[in-house]
(Lines of atoms letter the chains of each structure in order from A and count residues from 1; the text may use other names and numbers.)
(Lines give C-alpha, C1' and ligand atoms only; values in the text may rest on other atoms or scores of the structure.)
Protein backbone atom coordinates (compact mmCIF):
# COMPACT_ATOMS: atom_id res chain seq x y z
CA UNK A 1 0.00 0.00 0.00
CA UNK A 2 1.28 3.49 -0.93
CA UNK A 3 0.41 6.93 0.46
CA UNK A 4 0.67 9.87 -1.97
CA UNK A 5 2.74 12.78 -0.66
CA UNK A 6 2.79 15.43 -3.40
CA UNK A 7 4.83 14.04 -6.28
CA UNK A 8 6.17 11.21 -4.10
CA UNK A 9 4.50 8.15 -2.64
CA UNK A 10 5.36 6.62 0.72
CA UNK A 11 5.05 2.95 1.65
CA UNK A 12 2.59 2.31 4.50
CA UNK A 13 2.59 -1.49 4.25
CA UNK A 14 5.29 -4.09 3.58
CA UNK A 15 4.84 -7.62 2.24
CA UNK A 16 7.04 -10.32 3.79
CA UNK A 17 8.11 -12.88 1.20
CA UNK A 18 9.23 -15.38 3.86
CA UNK A 19 9.96 -18.73 2.23
CA UNK A 20 7.52 -18.13 -0.64
CA UNK A 21 9.91 -19.78 -3.12
CA UNK A 22 9.38 -23.09 -1.26
CA UNK A 23 5.56 -23.40 -0.86
CA UNK A 24 5.74 -27.19 -0.49
CA UNK A 25 7.81 -26.72 2.70
CA UNK A 26 5.38 -24.35 4.44
CA UNK A 27 3.43 -27.04 6.37
CA UNK A 28 6.49 -28.98 7.65
CA UNK A 29 8.32 -25.72 8.46
CA UNK A 30 5.29 -24.47 10.40
CA UNK A 31 5.19 -27.66 12.49
CA UNK A 32 8.97 -27.57 13.05
CA UNK A 33 9.10 -23.90 14.10
CA UNK A 34 5.97 -24.27 16.26
CA UNK A 35 7.54 -27.17 18.17
CA UNK A 36 10.83 -25.28 18.56
CA UNK A 37 9.02 -22.17 19.81
CA UNK A 38 7.03 -24.25 22.32
CA UNK A 39 10.23 -25.87 23.62
CA UNK A 40 11.83 -22.39 23.79
CA UNK A 41 9.03 -21.00 25.96
CA UNK A 42 8.89 -24.05 28.24
CA UNK A 43 12.68 -24.27 28.59
CA UNK A 44 13.33 -20.60 29.31
CA UNK A 45 10.31 -20.16 31.59
CA UNK A 46 11.49 -23.31 33.35
CA UNK A 47 14.92 -21.77 34.02
CA UNK A 48 13.26 -18.64 35.49
CA UNK A 49 10.88 -20.70 37.69
CA UNK A 50 13.60 -23.12 38.85
CA UNK A 51 15.81 -20.22 39.90
CA UNK A 52 12.94 -18.68 41.92
CA UNK A 53 11.93 -21.86 43.78
CA UNK A 54 15.42 -23.12 44.66
CA UNK A 55 17.24 -20.92 47.25
CA UNK A 56 20.56 -22.55 46.24
CA UNK A 57 20.20 -20.87 42.84
CA UNK A 58 19.81 -17.35 44.29
CA UNK A 59 23.35 -16.50 43.16
CA UNK A 60 24.69 -13.92 40.68
CA UNK A 61 25.28 -16.62 38.05
CA UNK A 62 21.63 -17.72 38.05
CA UNK A 63 20.42 -14.13 38.36
CA UNK A 64 22.14 -13.38 35.03
CA UNK A 65 20.97 -16.71 33.57
CA UNK A 66 17.32 -15.91 34.38
CA UNK A 67 17.69 -12.59 32.54
CA UNK A 68 19.29 -14.42 29.60
CA UNK A 69 16.26 -16.73 29.53
CA UNK A 70 13.93 -13.70 29.64
CA UNK A 71 15.77 -12.15 26.67
CA UNK A 72 15.58 -15.45 24.74
CA UNK A 73 11.80 -15.50 25.26
CA UNK A 74 11.53 -11.86 24.17
CA UNK A 75 13.49 -11.91 20.94
CA UNK A 76 12.14 -15.30 19.92
CA UNK A 77 8.60 -13.97 20.48
CA UNK A 78 9.27 -10.90 18.33
CA UNK A 79 10.10 -12.96 15.21
CA UNK A 80 8.64 -16.46 15.54
CA UNK A 81 4.87 -15.71 15.75
CA UNK A 82 5.07 -13.61 12.55
CA UNK A 83 7.13 -16.35 10.87
CA UNK A 84 4.47 -18.93 11.80
CA UNK A 85 1.72 -16.61 10.55
CA UNK A 86 3.21 -16.06 7.08
CA UNK A 87 3.72 -19.81 6.67
CA UNK A 88 -0.01 -20.58 6.97
CA UNK A 89 -1.91 -17.47 5.80
CA UNK A 90 -1.98 -15.78 2.42
CA UNK A 91 -1.90 -12.26 3.88
CA UNK A 92 1.80 -11.68 4.54
CA UNK A 93 1.59 -7.92 5.10
CA UNK A 94 3.00 -5.90 7.98
CA UNK A 95 2.43 -2.18 8.53
CA UNK A 96 5.34 0.27 8.27
CA UNK A 97 5.01 1.08 12.00
CA UNK A 98 4.74 -2.62 12.85
CA UNK A 99 7.86 -3.36 10.82
CA UNK A 100 9.91 -0.63 12.50
CA UNK A 101 8.65 -1.71 15.93
CA UNK A 102 9.63 -5.31 15.22
CA UNK A 103 13.10 -4.21 14.09
CA UNK A 104 13.57 -1.97 17.14
CA UNK A 105 12.60 -4.77 19.56
CA UNK A 106 14.72 -7.50 17.98
CA UNK A 107 17.70 -5.15 17.76
CA UNK A 108 17.34 -4.08 21.42
CA UNK A 109 17.01 -7.66 22.69
CA UNK A 110 19.94 -9.00 20.63
CA UNK A 111 22.33 -6.22 21.71
CA UNK A 112 21.21 -6.65 25.33
CA UNK A 113 21.85 -10.41 25.12
CA UNK A 114 25.26 -9.78 23.56
CA UNK A 115 26.35 -7.78 26.61
CA UNK A 116 24.51 -10.08 29.04
CA UNK A 117 26.79 -12.89 27.81
CA UNK A 118 29.79 -10.58 28.38
CA UNK A 119 28.57 -9.83 31.93
CA UNK A 120 28.20 -13.57 32.54
CA UNK A 121 31.81 -14.07 31.38
CA UNK A 122 32.94 -11.46 33.91
CA UNK A 123 30.88 -13.24 36.58
CA UNK A 124 32.67 -16.53 35.75
CA UNK A 125 36.02 -14.71 35.92
CA UNK A 126 35.28 -13.49 39.46
CA UNK A 127 33.93 -16.92 40.53
CA UNK A 128 37.01 -18.83 39.29
CA UNK A 129 39.78 -16.28 39.95
CA UNK A 130 38.53 -14.86 43.25
CA UNK A 131 36.18 -17.48 44.76
CA UNK A 132 36.59 -16.44 48.41
CA UNK A 133 35.39 -12.90 47.69
CA UNK A 134 32.86 -13.88 45.01
CA UNK A 135 29.69 -13.02 46.96
CA UNK A 136 31.23 -9.74 48.15
CA UNK A 137 32.54 -8.74 44.72
CA UNK A 138 29.32 -9.65 42.89
CA UNK A 139 26.98 -7.86 45.29
CA UNK A 140 23.24 -7.62 44.52
CA UNK A 141 23.67 -3.89 43.80
CA UNK A 142 26.45 -4.52 41.27
CA UNK A 143 24.48 -7.34 39.61
CA UNK A 144 21.40 -5.11 39.29
CA UNK A 145 23.56 -2.28 37.92
CA UNK A 146 25.18 -4.56 35.30
CA UNK A 147 21.82 -5.97 34.17
CA UNK A 148 20.19 -2.52 34.01
CA UNK A 149 23.19 -1.24 32.06
CA UNK A 150 22.89 -3.97 29.41
CA UNK A 151 19.16 -3.25 28.92
CA UNK A 152 19.69 0.51 28.70
CA UNK A 153 22.58 0.14 26.24
CA UNK A 154 20.57 -2.26 24.07
CA UNK A 155 17.62 0.16 23.93
CA UNK A 156 19.88 3.16 23.19
CA UNK A 157 21.71 1.39 20.33
CA UNK A 158 18.45 0.10 18.88
CA UNK A 159 16.82 3.55 19.06
CA UNK A 160 19.80 5.05 17.19
CA UNK A 161 19.75 2.45 14.39
CA UNK A 162 15.95 2.57 14.08
CA UNK A 163 16.06 6.38 13.91
CA UNK A 164 18.60 6.14 11.05
CA UNK A 165 16.18 3.85 9.16
CA UNK A 166 13.26 6.22 9.76
CA UNK A 167 15.21 9.05 8.09
CA UNK A 168 15.13 7.14 4.79
CA UNK A 169 12.37 7.36 2.17
CA UNK A 170 10.42 4.25 1.20
CA UNK A 171 8.53 4.84 -2.05
CA UNK A 172 8.45 1.30 -3.42
CA UNK A 173 8.88 -1.59 -3.99
CA UNK A 174 7.41 -2.82 -0.71
CA UNK A 175 8.28 -6.54 -0.75
CA UNK A 176 10.72 -7.51 2.02
CA UNK A 177 12.73 -10.54 0.94
CA UNK A 178 12.66 -12.02 4.43
CA UNK A 179 10.28 -13.45 7.03
CA UNK A 180 10.81 -10.45 9.31
CA UNK A 181 12.00 -6.86 9.34
CA UNK A 182 15.74 -7.49 9.23
CA UNK A 183 18.06 -4.48 8.74
CA UNK A 184 19.54 -5.28 5.31
CA UNK A 185 16.13 -6.34 3.97
CA UNK A 186 14.55 -3.01 5.03
CA UNK A 187 17.53 -1.00 3.75
CA UNK A 188 17.27 -2.61 0.30
CA UNK A 189 13.78 -1.04 -0.11
CA UNK A 190 14.92 2.52 0.53
CA UNK A 191 14.74 4.93 -2.41
CA UNK A 192 17.04 7.50 -0.75
CA UNK A 193 20.76 7.52 0.05
CA UNK A 194 21.31 4.93 2.84
CA UNK A 195 24.92 5.95 3.61
CA UNK A 196 24.15 7.61 6.97
CA UNK A 197 22.16 4.61 8.20
CA UNK A 198 24.83 2.17 6.99
CA UNK A 199 27.59 4.11 8.79
CA UNK A 200 25.52 4.27 12.01
CA UNK A 201 24.69 0.56 11.91
CA UNK A 202 28.25 -0.50 11.02
CA UNK A 203 29.79 1.69 13.75
CA UNK A 204 27.43 0.41 16.45
CA UNK A 205 27.76 -3.22 15.29
CA UNK A 206 31.57 -3.18 15.21
CA UNK A 207 31.78 -1.36 18.56
CA UNK A 208 29.36 -3.76 20.29
CA UNK A 209 30.83 -6.92 18.81
CA UNK A 210 34.42 -5.84 19.58
CA UNK A 211 33.68 -4.66 23.14
CA UNK A 212 31.63 -7.72 24.11
CA UNK A 213 34.19 -10.14 22.64
CA UNK A 214 37.09 -8.30 24.33
CA UNK A 215 35.35 -8.56 27.72
CA UNK A 216 34.71 -12.28 27.12
CA UNK A 217 38.25 -12.92 25.83
CA UNK A 218 39.93 -11.05 28.71
CA UNK A 219 37.77 -12.88 31.27
CA UNK A 220 38.59 -16.30 29.85
CA UNK A 221 42.32 -15.56 29.48
CA UNK A 222 42.44 -14.90 33.24
CA UNK A 223 40.27 -17.97 33.87
CA UNK A 224 42.59 -20.23 31.83
CA UNK A 225 45.68 -18.85 33.62
CA UNK A 226 44.01 -19.49 36.99
CA UNK A 227 42.95 -23.02 36.00
CA UNK A 228 46.49 -23.88 34.86
CA UNK A 229 47.81 -22.83 38.28
CA UNK A 230 45.29 -24.99 40.17
CA UNK A 231 47.05 -27.84 42.03
CA UNK A 232 44.04 -30.16 42.43
CA UNK A 233 42.18 -31.95 39.65
CA UNK A 234 38.90 -31.45 41.51
CA UNK A 235 39.25 -27.67 41.37
CA UNK A 236 40.18 -27.84 37.69
CA UNK A 237 37.13 -30.00 36.89
CA UNK A 238 34.81 -27.69 38.82
CA UNK A 239 36.19 -24.60 37.05
CA UNK A 240 35.85 -26.26 33.65
CA UNK A 241 32.25 -27.39 34.27
CA UNK A 242 31.40 -23.87 35.49
CA UNK A 243 32.60 -22.28 32.24
CA UNK A 244 31.93 -24.90 29.54
CA UNK A 245 28.18 -24.19 29.20
CA UNK A 246 28.77 -20.46 28.92
CA UNK A 247 31.53 -20.93 26.33
CA UNK A 248 29.20 -23.10 24.23
CA UNK A 249 26.45 -20.44 24.33
CA UNK A 250 28.94 -17.68 23.42
CA UNK A 251 30.38 -19.69 20.51
CA UNK A 252 26.94 -20.33 18.97
CA UNK A 253 25.67 -16.75 19.51
CA UNK A 254 28.72 -14.91 18.18
CA UNK A 255 29.42 -17.55 15.52
CA UNK A 256 26.06 -16.90 13.83
CA UNK A 257 26.47 -13.10 14.16
CA UNK A 258 29.89 -13.28 12.46
CA UNK A 259 28.40 -15.54 9.77
CA UNK A 260 25.77 -12.86 9.04
CA UNK A 261 28.50 -10.19 8.87
CA UNK A 262 30.56 -12.28 6.44
CA UNK A 263 27.74 -13.09 3.98
CA UNK A 264 28.46 -11.23 0.69
CA UNK A 265 25.83 -8.75 -0.46
CA UNK A 266 24.34 -10.52 -3.48
CA UNK A 267 21.00 -11.98 -4.61
CA UNK A 268 22.25 -15.50 -3.94
CA UNK A 269 23.09 -14.61 -0.33
CA UNK A 270 19.48 -13.91 0.76
CA UNK A 271 18.74 -17.59 1.42
CA UNK A 272 21.88 -17.82 3.61
CA UNK A 273 20.76 -14.69 5.50
CA UNK A 274 17.27 -16.16 6.02
CA UNK A 275 18.62 -19.50 7.28
CA UNK A 276 21.16 -17.79 9.57
CA UNK A 277 18.42 -15.51 10.94
CA UNK A 278 16.22 -18.55 11.63
CA UNK A 279 19.11 -20.17 13.50
CA UNK A 280 19.66 -16.95 15.44
CA UNK A 281 16.06 -16.07 16.33
CA UNK A 282 14.49 -19.53 16.57
CA UNK A 283 17.22 -22.06 17.42
CA UNK A 284 19.49 -20.18 19.88
CA UNK A 285 16.65 -19.34 22.33
CA UNK A 286 15.74 -23.04 22.37
CA UNK A 287 19.34 -24.25 22.82
CA UNK A 288 20.37 -21.96 25.69
CA UNK A 289 18.20 -23.65 28.39
CA UNK A 290 19.45 -27.06 27.22
CA UNK A 291 23.09 -25.91 27.24
CA UNK A 292 22.88 -24.46 30.75
CA UNK A 293 20.75 -27.17 32.37
CA UNK A 294 22.01 -30.49 30.94
CA UNK A 295 25.33 -30.34 32.85
CA UNK A 296 23.89 -28.63 35.93
CA UNK A 297 23.01 -30.91 38.86
CA UNK A 298 21.19 -28.18 40.83
CA UNK A 299 18.89 -27.31 37.92
CA UNK A 300 18.20 -30.97 37.07
CA UNK A 301 17.59 -31.77 40.74
CA UNK A 302 15.10 -28.91 41.13
CA UNK A 303 13.25 -29.91 37.94
CA UNK A 304 13.03 -33.55 39.12
CA UNK A 305 11.73 -32.42 42.52
CA UNK A 306 9.08 -30.16 40.96
CA UNK A 307 7.94 -32.96 38.63
CA UNK A 308 7.79 -35.39 41.56
CA UNK A 309 5.67 -32.95 43.60
CA UNK A 310 3.34 -32.41 40.65
CA UNK A 311 2.90 -36.17 40.14
CA UNK A 312 2.17 -36.59 43.86
CA UNK A 313 -0.43 -33.80 43.72
CA UNK A 314 -2.16 -35.48 40.75
CA UNK A 315 -2.15 -38.92 42.42
CA UNK A 316 -3.77 -37.65 45.65
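Positions of Cβ are set from backbone N, Cα and C atoms, glycine also.
Swiss-Prot assigns residue 140 and residue 293 to topological domains bearing the same name, which places both on one side of the membrane. Range 29-50 is the one annotated as transmembrane segment, of 7-28, 29-50 (source: Swiss-Prot). Range 269-291 is the one annotated as transmembrane segment, of 269-291, 292-314 (source: Swiss-Prot).
The stretch from 29-50, 100-122, 142-166, 206-228, 269-291 that makes the most Cβ contacts under 8 Å with the transmembrane segment (62-80) is 100-122. Residues 61, 64-65, 67-68, 71-72, 74-75, 78-79, 82, 94, 146-147, 149-151, 153-155, 157-159, 161-162, 165-166, 180-183, 186, 208-209, 211-213, 215-216, 219-220, 246, 249-250, 253, 257, 280-281 of the same chain lie 6+ residues outside the transmembrane segment (100-122) yet bring a C-beta within less than 8 angstroms of a C-beta in it. For residue 181 (disulfide bond), the same-chain residues 6+ apart in sequence whose C-beta sits under 8 angstroms from its C-beta are 14, 94, 99, 100, 102, 103, 106.
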